[in-house]
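Data block below; observations after.
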Amino acid sequence: MKICVIGTGYVGLTTGAVLADLGHELYCVDKNKLIIEKLIEGEIPIYEPGLKELIVRNKKRGLLHFSTDIQRVIKECPILYITVGTPTKEDGSQNLTAINEVIDTLVQTITSHKTIIIKSTVLPGTNEWIHQTLIEKGIDSRMFDVVSNPEFLREGNAVFDMMNPDKIVVGGKSPQSIKIIQTLYEKLQAPYIITSLTGAEMIKYANNALLATKISFINEIARICDAYNVEVTHIAKALGTDNRIGPYFLNAGLGYGGSCFPKDIRALEYAAKRRNVNPEMLRAVQNVNDSQIDLYIDKLTNQLTNLDGKKITVWGLAFKPDTDDIRESRSLLLIEKLLERGTEVHAYDPIVNSFEPAITIHHDMYEAIKGADALIIATEWNQFKTVDWKKVNELMKGNILVDGRNIIDPKVVRKHQLQYIGVARQ
Ligand SMILES: NC(=O)c1ccc[n+]([C@@H]2O[C@H](COP(=O)([O-])OP(=O)(O)OC[C@H]3O[C@@H](n4cnc5c(N)ncnc54)[C@H](O)[C@@H]3O)[C@@H](O)[C@H]2O)c1
Ligand SMILES: O=c1ccn([C@@H]2O[C@H](COP(=O)(O)OP(=O)(O)O[C@H]3O[C@H](CO)[C@@H](O)[C@H](O)[C@H]3O)[C@@H](O)[C@H]2O)c(=O)[nH]1
């Protein structure tokens, strides 16, 4: 059966490549023709480990296609994945422009039955609304099924996560549409959680909210540890041994960023308030995260007295390792705050080489620290875990290392006469 993926970004491209690798025939489309033209030429518009190989292999097998003719492809494919972006506005409400555009395209195009699988993260109630809107716009309800199949992949691990999901969540109204999903994923080993359309949407937000809560929790614990001179990594290790807690998402640091957690937690808070629920925990999770950067800036200011005119180098621009994505990256906020204080900012990232606001980006991590008063590690790239600290000390003017991701052993850098700044590190 031919499958169309509408929206060829991080999720759409991975969905297309993985489903093709599972043996299905995939057609990826996007309203941004440039992305599709690049993909047709063999250029991969995003950095995601393993994705390029998967795309090349399945293009060769004749199972993965890219097309700029959205309407023709939709007409030909009985199964449609919707993977367009769903950003949130400042107040947390969702910007559904892309979803609305897709609905309009579907209304103009549907002439045969479609299973419409919504993979985009949308607020509770949106899938029901999509179903209703299609009917109101003149599509007979027998001509389509809407299925909610939220995605849980992490950027940087996207291919692995989609090939090895912890769970497959499906929300739908008709047993046939749920069966179609089970056929599509029959080669994957994962438990199914079958629920309502709104139940599936809610699972996606609850999942992200709980992970973000773990991060803000450990960041708050780190602040208390700091006040009592306790090493926070020992606490995280101990907590992680408790099976009921688990070892993941307990790494304290600059806090969570990226294209999902910040926007999804904001959106869930908005959705709660819209129904008169006061989401106190969600607010607290965001408050901790929002003040995390200032915590580090204050510590740095205590050492340097004044940041004005100082040269500070930031290692890491991507919001996490193994991606080129800088959406809501903590580096971005950190750099904005440094610039506000009159700092001269230099930066290095293994993949990202353009950045707004304009700062000096170097292509070599050591080149970037020449003459620097302080070095800040903002992203937990592996490359920053094995550093020649002697060389760092020789190249820098000052001797301050701010470890914003708790990836360095303070004792090791201290041996090289560097001053380590972290939160709750001994
Ligand atoms: N990025 C992730 O790690 C991740 C993981 C799970 C879920 N999600 C969710 O998946 C959705 C997509 O996220 P993403 O990061 O892949 O977004 P993205 O911005 O990388 O990609 C979205 C794509 O949709 C295209 N698009 C927009 N309007 C369109 C239209 N009318 N017709 C065709 N194409 C259109 C855009 O041009 C873009 O290429 C979001 O709802 C997000 O919350 C993202
Ligand atoms: O212990 C930790 C773990 C992560 N982070 C930070 O949290 C952010 C998000 O990291 P991660 O969750 O690994 O990346 P994402 O690609 O944003 O993935 C999240 O968001 C996706 C989009 O909804 C979901 O699909 C995934 O399941 C969910 O993990 C990054 O800034 C990390 O640096 C921490 O600060 N401490």
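A Cβ is built for glycine as well, from the same backbone N, Cα and C atoms used for every other residue.
Feature annotations, courtesy of TrEMBL:
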- CYS260: active site, nucleophile (ACT_SITE)
- ASP30, THR86, THR121, GLU155, LYS263, ARG327: NAD(+) binding site (BINDING)
- PHE152, LEU153, ARG154, GLU155, LYS204, PHE249, LEU250, ASN251, ALA252, GLY253, GLY257, LYS320: substrate binding site (BINDING)
- 313-410: domain 'UDP-glucose/GDP-mannose dehydrogenase C-terminal' (DOMAIN)
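Positions of the features from TrEMBL, shown on the structure.
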residue	record	DSSP (3 states)
THR86	NAD(+) binding site	coil
THR121	NAD(+) binding site	coil
PHE152	substrate binding site	coil
LYS204	substrate binding site	helix
LEU250	substrate binding site	coil
CYS260	active site, nucleophile	coil
ARG327	NAD(+) binding site	coil
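Cβ neighbour count for THR121 (NAD(+) binding site) (all protein chains, 10 Å cutoff from its Cβ): 22.
Note: PHE152 (substrate binding site) has non-local neighbours ASP161, PRO165, ASP166, LYS167, VAL169, LYS204, ASN207, i.e. same-chain residues 6+ apart with C-beta under 8 A of its own C-beta.
With DSSP classes pooled into helix, strand and coil, the tally for the domain 'UDP-glucose/GDP-mannose dehydrogenase C-terminal' (313-410) is 25 helix, 19 strand, 54 coil. When the binding-site residues LEU250, ALA252, GLY257, LYS263, ARG327 are checked against ligand 1, none has a Cβ within less than 6 Å of one of its atoms. Highlighted here are the binding-site residues (ASP30, THR86, ARG154, LYS204, ALA252, LYS263) whose C-beta falls below 6 Å from ligand 2: ARG154, in sequence order. Pairwise Cα distances among ASP30, THR86, THR121, GLU155, LYS263, ARG327, which the record gives as the binders of NAD(+), peak at 22 Å. Taking the Cβ of LEU250 (substrate binding site) as reference, residues of its chain lying under 8 Å away and at least six apart in sequence are, in sequence order, LYS214, ILE215, PHE217, ILE218, ALA236, LEU239, GLY240. The local packing around ALA252 (substrate binding site), expressed as other Cβ atoms within 10 Å of its Cβ over all shown chains, amounts to 28. Distance from the CA of ARG154 (substrate binding site) to the CA of LYS263 (NAD(+) binding site) is 15 Å.
The distance from the Cα of THR121 (NAD(+) binding site) to the Cα of ARG154 (substrate binding site) comes to 14 Å.
Of ASP30, CYS260, ARG327, all annotated as recorded positions, the residue with the shortest Cα distance to ARG154 (substrate binding site) is CYS260.
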